[in-house]
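S.K.: Quick one: the structure is below, and I'll ask about it shortly.
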Amino acid sequence: MRSFEFFEHTADVGIRAYGKSLEEAFSNAALGVFEIITDTSKVKPIEYREIYLNGYDLENLLYKWIEELLYYYDSELMVFSKFDLMIDQDSMTLEGKAWGEKFNGKIHERRTVVKAMTYHQLSIEKTENCYLITFVVDI
């Protein structure tokens, strides 16, 4: 199973992320966002940021997850390539670590800046075999 793919969207970028678990799908959604920013295969998981979030539903939790990661990119130039997280659907909380390193222009390719997560076309579906997350980011 592929981890994520991009789809056409006027002036923005759409992402479809897949995972056998909800946590894997959220991780792959984040990986897709950072793949827009740089080549994540060159991002070493050297340091991490702990993340604790709560939401009112899964879509809101995903929105906050991506926004939190983009906050670290905007404020610290952190780019991420590995994610360890747990999602509790009863309390609608996410707890985890995002692993990566500070962006270094000598190592990391500068691609497109992701400005923000959006609610446009945001959906989280559970199929028989996997979770599918669809969303659009503003570039």
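Keep in mind that glycine also has a Cβ here, set from the backbone N, Cα and C atoms.
According to Swiss-Prot, the protein carries these features:
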type: BINDING; residues: ASP12, ASP138, ILE139; note: Ca(2+) binding site
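Describe each of these features in terms of where it is and what it packs against.
M.R.: Residues near ILE139 (Ca(2+) binding site) in space but far in sequence (CB under 8 A, at least 6 apart, same chain), listed by position: ALA11, ASP12, VAL13, ILE36, THR112, VAL113, VAL114, LYS115.
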S.K.: So which one is it: of the binding-site residues ASP12, ASP138, which has the fewest other Cβ atoms within 10 Å?
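M.R.: Each of the binding-site residues ASP12, ASP138 was scored by Cβ atoms within 10 Å; lowest is ASP138.
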